[in-house]
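What TrEMBL annotates here:
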COILED    115-149  coiled coil
COILED    175-202  coiled coil
COILED    1133-1160  coiled coil
DOMAIN    294-453  domain 'Nephrocystin-3 alpha-beta'
DOMAIN    525-649  domain 'Nephrocystin 3-like N-terminal'
DOMAIN    674-833  domain 'Nephrocystin 3 helical'
DOMAIN    844-1082  domain 'Nephrocystin-3 TPR-repeats region'
REPEAT    984-1017  repeat 'TPR'
REPEAT    1092-1125  repeat 'TPR'
REPEAT    1134-1167  repeat 'TPR'
Amino acid sequence: MGTASSLASPAGGEVIEDTYGAGGGEACEIPVEVKPKARLLRSSFRRGGGAAGGGPGSLGRGAGGGGLLGASFRSTGSAAPELECAAAEYERLKKEYEIFRVSKHQELLAMGRREAKLDTENKRLRAELQALQKTYQKILREKESAVEAKYQAMERAATFEHDRDKVKRQFKIFRETKENEIQDLLRAKRDLESKLQRLQVQGIQVFDPGDSDSDDNRTDVTAAGTQCEYWSGGALGSEPSIGSMIQLQQSCRGPEFAHSSIDVEGPFANVNRDDWDVAVASLLQITPLFSHSLWSNTVRCYLIHTDETQPEMDLFLKDYSPKLKRMCETMGYFFHAVYFPVDTENQYLTVKKWEMEKSSLVVLFIHLTLPSPLLEDCEEAFLKNSEGKPRLIYHRVEDGKVDSDSVQQLIEQVSNLNKASKAKIIDHSGDPAEGAYQTYIYVEKIVKQDILGFESADPEAKDKASEDSAPEEDDFADVLWDIHDEQEQMEAFQGASASARELGFEKYYQRLNDLVAAPAPIPPLLVSGGPGSGKSLLLSKWIQSQQKSSPNTLILSHFVGRPMSASSESSLIIKRLTLKLMQHAWSVSALTLDPAKLLEEFPRWLEKLSARHQGSVIIIIDSIDRVQQVEKHMKWLIDPLPVNVRVIVSVNVETCPPAWRLWPTLHLDPLNPKDAKSIIVEECRSVDVTLSREQEKKLERHCRSAPTCNALYVTLFGKVVACAGRAGHLEKILHQCFQCQDTISLYRLILRSVQESLEDDPEKELMKQILCLVNVSHNGVGESELTELYPQVSWPVLTSVVHSLLRMGLLAYGCGLLKFQHFQAWEAVRLEYLQCPTMISSSRQKLINYFTLQLNQGRVTWRSADELPWLFQQQGSKQKLHDCLLNLFVSQNLYKRGHFAELLSYWQFAGKDKSAMAAEYFDSLKQYEKNCDGQESRTCLADLYETLGRFLKDLGLLSQAVVPLQRSLEIRETALDPDHPRVAQSLHQLAGVYVQWKKFGNAEQLYKQALEISENAHGPDHPHVARELEALATLYQKQNKYEQAEHFRKKSFKIRQKATKRKGNLCGFALLRRRALQLEELTLGKDTPDSARTLNELGVLYYLQNNLETADQFLKRSLEMRERVLGPDHPDCAQSLNNLAALCNEKKQYERAEELYERALDIRRRALAPDHPSLAYTVKHLAILYKKMISLLSSRAN
């Protein structure tokens, strides 16, 4: 039987029969492995060859069964044809193989040639790619060079623009000066011509120089053979420029301009009702020396209680005092609940009286009895309340029990007081917890309405109003305003001018007055002197005199505190001055927050806004040398100033920039020894301390050097000696003072003497800790913060230490915080207590821990935002500063209060550029958004996104600013309502970005949407509508669509004019209302001419607001007070009579107006000269009144 490999069947499953064997076999199917054809042929060929050559041997092997190689099929005929076929097939396959091999070889050759060709192409492309890369690098370098050249060209253009503006200002001043000189020459020519005519009439011969043979080019005037004086063509005296004369004429428009006939010799002189905004601005400029409780950042609630009302007192302090504290904290104020134990020893009597005087509110808790030690305090607080501060009595009554005589008498006396005393009584007969709650309700109402001056007493209504209404910065369009900076400046001004002694400064006033009257151009006046020489005192006293003598003069002052404080930040100074100018000019233009642009644009703002003021503008910057990089940031001082602008700066003579030493300088000399001695002796006499003659001689010998005749040194010396005399240590302290040769050493002596005056070691350590904390802080430390930092210290001990430091001139209050009164005090504390770096770091760490704890509790106030980043920066902790800035509410607080430059400096210190800063804020906001649930949190999230967008816009990252502003818009549309006013605010901010991005079409669409929402939400005459109209006007003006721009700007102006009459002041109606309330409270005290003048000004203010009834009340009170104080025939009484007559004229009460005018006319005829303007003023308006009455009678007769 053959092998399976030889039995191949194409079908793979045929029946094979074996013919060899015994008699055949059974047919079956066997599986066969099929070989390829070539292999099969070769096998068949070998079998064929073997059969032919082997003969029977082959067959024998086949018969043996084991050696047979192949088997014949039953259908095969013979072996030869099979071999031929196989050979033919082999040849055919061989040829096919050769053909296949040749074709494949050719294909391989073709593929090789193609590979070589592709390799060549690849090399060529690589060469081209390298050439393109070189070209790209070249183009990139050319692009960078072009961009750099562009920036350089832009810088040159900006420099050219700045130089052009400078040249324009110089040319303007030159032109006005030359026009002024021409006018002077023409005037002199007319005078000479008239003089010549008079001389010719008198027969005096005048020789003409043209007819003379002499070369002397002069005119000799002779009479009676005598040679007279001649006029030579020298320099003529200059007068104010034409522009100044025009402004002067406008400011003195007189009654002819005024529609009303109000007469006032103050800030409202010749003001009509259409221009009453000027009156409001003038009212805000007047800064009388209020008592500290009236203009402060602190609400002090003084609590008096007895043993019987101890439960109410404890409940009020435990449950409701923290609520009042948080309420004031959210409004930007401090709240202090001041109280002393009932069994207080006599050592705190002075401190109690001092606390009561500076408190804003006094609350008395009484029941049946009133101990005699408290009776004096109650009489002082309730019956001798000369300033008319709010007072509250909680009286717990019980059925069947009768009050003591002292309680009944006190309540009866308080009840009989007039309404102006602002004293309220609560009679309560229930549980002490209910009584404490009722007291809290009254205190909250008094704080909001009477002390802070808010309209609504409902907290929810107030919050809703503040939320729905525009933010405070919206009053100045997109300008961010910090009220604390303004309060700090007002208190700095009041503190500087608080001295009752002039220290011989009257001799310097005339020099300052000459500067104001000098013709332009004139550089700034430099007031120089040593530290503590009295520069601040001189400037503040002169400002007061100017405000009284020149009410049309706008005075903008800024007092710089110690270096590195907020008041020494150059960008904040410039922004504040610009905003004050905008406030007085009633401009609502957007103001950039970029420090570099702000400093660059200030000269243009100054020129633009000063031109709108009808009078002079005086800018005063005290201690300007404490500003960081002052020469770089105050370059505008070197440029020519506008015609009506004068600048006065004070510097330390040792740190004055060299370039400024060429300016006109007013140097403050030290006091002479006699004046120094007299000031110290007078200070001692004021407290009944008398120096012996020998001591006075020693004192005069001591005050001979410049440091010992320094104004601050002499003032401190007097305080120390006076206090020592009252304590009985005069000789000892006087000897120690003689050892101090400068102000800092004297301050160090004061530190040691105050510390020795304290009774026990804990108080001494507390004093040291307080001074160290104030020294290392950014802007000071608050008393409420001290109570939380030292909870073991009682209020009497704390206030006793603070009182001693304040009394000796070491500390002072500023914006509700304890600060050093003078820079020398700060330096003395540093030398006395902080020489060791460990003490500095521990004090700084104590403040860091305190404010960090506030942040961890979710309390982000203006104090934590001011102090914590600055402390981290001073500590050098970049990572902690970085984490603090990523607290979104800290950054939001800084930005929304206008501390943009400060925020940027923090990020620069942390090592982050603008892009990195934006990315990190985005990441923090996304993380915060994941935890936001509820409408309130979503609204807060929208505010954060908007703040981030505005911040990025101010950074110039416009493309990145769009994303957060769009997100803020989306959140407000979903969380509030698509027509909510906050949605309009988001649209407005987003449109502002598109305007800067030059995408005017998108901006126009958004502005129109915001306008529609504002009109639907607030009405067509709301300031928010005016804001959108103003934005559209600016947008159209940028596109050169001047007609549309003018249309929208006129509409905006009309709305703002109407809103101004209603709202008062674009800086905030709350500020104006608060000032009016403070002025009213001032007039509740003693009758003085100043109080009568204030009442008159308030009457004029309300008259200009069309509040005639209130105006009538104040004008009548002014007249009554003037008649009592000055007498009925004083000219000031005529002024009040004139104003009352104008009011009656407005009310059409002509007969009453005639009577008042005649009384005013009679007084002025007797008191004034016949040609006095006030007399003519009254005669004119009386004539106008008669004309009205005649017209009225004629119309009735007809």
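For all residues, glycine too, the Cβ spot is worked out from N, Cα and C.
When Cβ-Cβ distances under 8 Å to the domain 'Nephrocystin 3-like N-terminal' (525-649) are tallied for each of 294-453, 674-833, 844-1082, the top count falls to 844-1082. Away from its own ends, the coiled coil (115-149) comes close to no residue of its chain (no Cβ-Cβ distance under 8 Å at least six residues beyond either end). Here the domain 'Nephrocystin 3-like N-terminal' (525-649) is broken down by DSSP into helix, strand and coil counts: 60 helix, 22 strand, 43 coil. Per DSSP, the secondary structure of the repeat 'TPR' (984-1017) breaks down as 31 helix, 0 strand, 3 coil.
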